[in-house]
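K.L.:
Feature table excerpt (Swiss-Prot):
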COMPBIAS  20-30  compositional bias 'Polar residues'
COMPBIAS  46-55  compositional bias 'Polar residues'
CARBOHYD  ASN25  N-linked glycosylation site
CARBOHYD  ASN72  N-linked glycosylation site
CARBOHYD  ASN390  N-linked glycosylation site
REGION    1-55  region 'Disordered'
TRANSMEM  94-114  transmembrane segment
TRANSMEM  120-140  transmembrane segment
TRANSMEM  147-167  transmembrane segment
TRANSMEM  183-203  transmembrane segment
TRANSMEM  214-234  transmembrane segment
TRANSMEM  241-261  transmembrane segment
TRANSMEM  316-336  transmembrane segment
TRANSMEM  360-380  transmembrane segment
TRANSMEM  402-422  transmembrane segment
TRANSMEM  424-444  transmembrane segment
TRANSMEM  463-483  transmembrane segment
TRANSMEM  562-582  transmembrane segment
Amino acid sequence: MSETTGLPLKHLQGSPPGTPVNTNNESNEASPDDGCRLPDTVTEAEASSDNHGSVLGDNNRNVEVAVGASDNATKQKVYHTGWRLHALTSALCLSLLLSTLETTIVSTALVSIVDALHGFNMAGWIVTSYLVTYTGFLIIYSKLSDIFGCKLMLLLAITIFTVFSMACGASDSMVPLIVFRAFQGMGGSGIYSLSTIMVPLMVPPEKYATYISIMSSTFILSSVLGPILGGAITDHTTWRWVFYFNGPGGALAAVLLAFSVPFNFPYGESDRFFHSLASKQMWKRVDFVGMTVSLAASILIIFALEQGGVAYPWGSGAIVSTFVLSGVLWIAFIAWERLLSKRDGVREPMFPWSLVHNRFVMGLLLNGFFTGFPFMAALINIPQRFQTVNMTSAINAGIRTLPLLLLSPLATAINGILVSKLRVPPLYTLFLGGSLQTIGVGLYSSLKSSTSIASAQYGYEAIMGLGFGFNLSTILMMVPLVVTEKDLAVTMGSVTQIRVLGGTIGLAVCSALLINHIKREAVKFLTAEQVAQILLSSENIGMLSIETQSRTRVLYADAYSEQMRVMLYFSIASILSLVLLVERQPRKAPAKPERAG
C-alpha cells in the first residue's frame, strides 16, 4: 500500500483519479448531475460497478471519457478541448502573468512612485501591503474553490485584482495606494492559487505535465520581467501605467474565462449551481475559524519579515512580539485543524490532518519552502547587484538577467516532455533541478568582488535558471500523484503558499545580511552619516568621492556574494528534503490510454 492515503501505489502510478478511458460506444445521454454538455469538451462518464463508464457521443465522433474519484461519485468531470481549452489556457496564463508581475514590477518603479506622492518614509509599505495579502489568501482561495467552484472564485479574484489595480493607478497619496495594493494582492493571490489548481481539472492526467509547464513558464517569465517592465514604464511614461495596464488585461482574462468554462467546472453545465450556492449547507462547509487564524498568522509573519531591519530594528519589541504572536497563531491553527479533522461534521478543515501523515506531501512542502529562498533571492538581488555594483540602469540590469529569464522556461518545457512524453519519474527531474540550482547558486556566490562584470556570471545565471525551471514545475506535477482528488486543491494551495513564504523569508534574510555587512565594514572608511545615506538609497553612493565610490561598490559586491552563500545552504536543504519522496518504484505521470479496437 502507498503511504499517501491508503490507495494502492499502482493506482497512483498508472491511473490516478480522473484517468480517461477510451471506448467506441456512443450515446447522446448526459448524466442528470452534469446538466448540458458543452461543445469542445470531453466528459467523464459515471462510474459503474465494473469501473467502466457509460459513454457520451459528440457529433457522431468517438470521445475520451474518464472515470475517477471525486467528492461525489455521481459527478462527471468534463475535460476541455478545442477552442475552449485554448481560451481557458489563455485566460489562466494572462491573469497569472499580470498578478505575478505585480510582485516585482514596483521594485524599479518605487522611486518614481514615492517621489510623485511624497511618501519616501512609507515606500516599503507599497511592497509589503501586496505581499501580506498575496501570501495570506493562497490556501484560503484553494479551499473555497472546493466549496464554491473554481470559476466563481477565479472570476472574483480577477475582478478584485483588476478593479484595485486601476484604483492604485488613480491614487493621489500614499495611504490610499497602500490600502489598494493590499486589495490588489488579495486578488492576485486567488489568481496564482487557482491557475495551478485548474490545470489538472481541465485536461486528462497524461496532459497535465505539459500544461503545468506552460503555467510554470508564465510564472517564471513574469517574475523576471517585472523589474524590466517597471523600469521601462517609469523611464518612458508615468508610473501609473505600472497599474493601469492590468485593466484591459484583467478584463480580457475575465471574458475568456467567462465564456470558456461553466460555473460548475469541472463537471459541465448545471442549472442547480447558483441554487446550491445560496444554500446554508454549503456555507456550513466553510472553516471560518481556520481561515481567520491562518490569514492573521500569515499577515503577521510577512509584516515582521518585511519591516524588520527597515522600519524597526530586528530586536525591537514590535518585531519580536509580531513573530511571537504569529507563532502562537500558527500553533492554534494546527491544533484547530487537527480537532476539526477528527470531528465527523459538515465543516471542512482548511488543511486536512491526513495530509500531515502523508510523507510525500510533507516532502513537497519542505522542498517548495527551501526552493523559495534562492529563487526569490536570485530574482530580486541579481538585478540589484548589476545596478548597485556595476552601475547599470534598471532596464540594462534586466537584460543582463536574460540567461536566468530564458533558461527557466526552457527547463520547464523540457521537463514537461520528460515527464509526460518520456514518462521519466518526476522525482528524478526534481533531483536534477535541485542539483543544478545548488551548483548555480554556489558558483554565483564565488564571484570576485569587483565593479567589472565577469562573463562567467551569465553562465552561472543559466545554470540557476535551469534548476529553478525544473524544480518549480516538477513540484506541482507531483501533487496529483500523491493525493486524492478531494485534497488536490488544498495541497496545491499549500505548496504555492509555503513557496511564497519561503521566498519572502529568503528576501528578509538577504536584506538583513546586506545591511549588517555594510554597517560592519563601511564604518572602516565612511562616517556614520554616510553609512546611513548609502543604506537609505544606493543612489547616494554617487555623492561620495570617486575612490570611496569604488570601495563602497566592492563592499556591496561582498554583501551580495554573502547572500548567495547563505542561499546555498537552503538549496542543499531542498535536495535533502527529497528523501521524503524516495520510494522503490518512483511514481510516474499516467500514460495516455490506448484506444480500444
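The backbone N, Cα and C atoms fix where each Cβ goes, and this holds for glycine too.
I'm curious about the neighbourhood of these features; can you describe it?
P.N.:
Residues near ASN390 (N-linked glycosylation site) in space but far in sequence (CB under 8 A, at least 6 apart, same chain), listed by position: THR451, SER452, ILE453.
Outside the transmembrane segment (120-140) by six or more residues, the chain places 102-103, 106-107, 110, 113-114, 174-175, 177-179, 181-186, 188-190, 192-193, 291, 294-295, 298-299, 302-303, 306-307, 310-311, 350-351, 490, 493-494, 496-497, 500-501, 504 with a CB less than 8 A from a CB of the stretch.
Outside the transmembrane segment (214-234) by six or more residues, the chain places 89, 92-93, 96-98, 100-109, 111-112, 192, 195-196, 199, 241-242, 379-380, 383, 393-395, 397-399, 401, 404-405, 408-409, 412-413, 416, 468-469, 472-473, 476 with a CB less than 8 A from a CB of the stretch.
With a threshold of 8 Å between CB atoms, the same-chain residues lying at least 6 positions outside the transmembrane segment (241-261) that come near it are 80, 83-85, 87-88, 90-92, 94-95, 97-98, 102, 105-106, 109, 113, 150-151, 154-155, 158-159, 161-162, 165-166, 168-169, 184, 202, 230, 233-234.
Long-range Cβ contacts of the transmembrane segment (316-336) within its own chain (Cβ-Cβ under 8 Å, at least 6 residues beyond either end) map to 289-290, 293-294, 296-297, 300-301, 303-304, 307-308, 350.
Listed by sequence, the residues of this chain that lie at least six past the ends of the transmembrane segment (360-380) yet keep a Cβ under 8 A from its Cβ atoms are 3-4, 104, 107, 223-224, 227, 404, 430, 434, 437, 441, 444, 461, 464, 468, 471-472, 475, 478-479, 482-483, 491, 494-496, 498-507, 509-510, 563-564, 567-568, 570-571, 573-574, 577-581.
Within the same chain, residues 206-210, 212-214, 216-217, 220-221, 224-225, 378-379, 382, 429, 433, 458-459, 461-462, 464-470, 472-474, 477, 588-589 sit at least 6 positions outside the transmembrane segment (402-422) and bring their C-beta atoms closer than 8 Å to a C-beta of that stretch.
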K.L.:
For the transmembrane segment (424-444), I need the partner stretch with the highest count of C-beta pairs below 8 angstroms, choosing only from 94-114, 183-203, 463-483.
P.N.:
463-483
K.L.:
Between 94-114, 183-203, 463-483, 562-582, who has the most Cβ pairs under 8 Å to the transmembrane segment (147-167)?
P.N.:
183-203
K.L.:
Sort ASN390 (N-linked glycosylation site) into helix, strand or coil using the DSSP assignment.
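P.N.:
Assignment for ASN390 (N-linked glycosylation site) reads coil.
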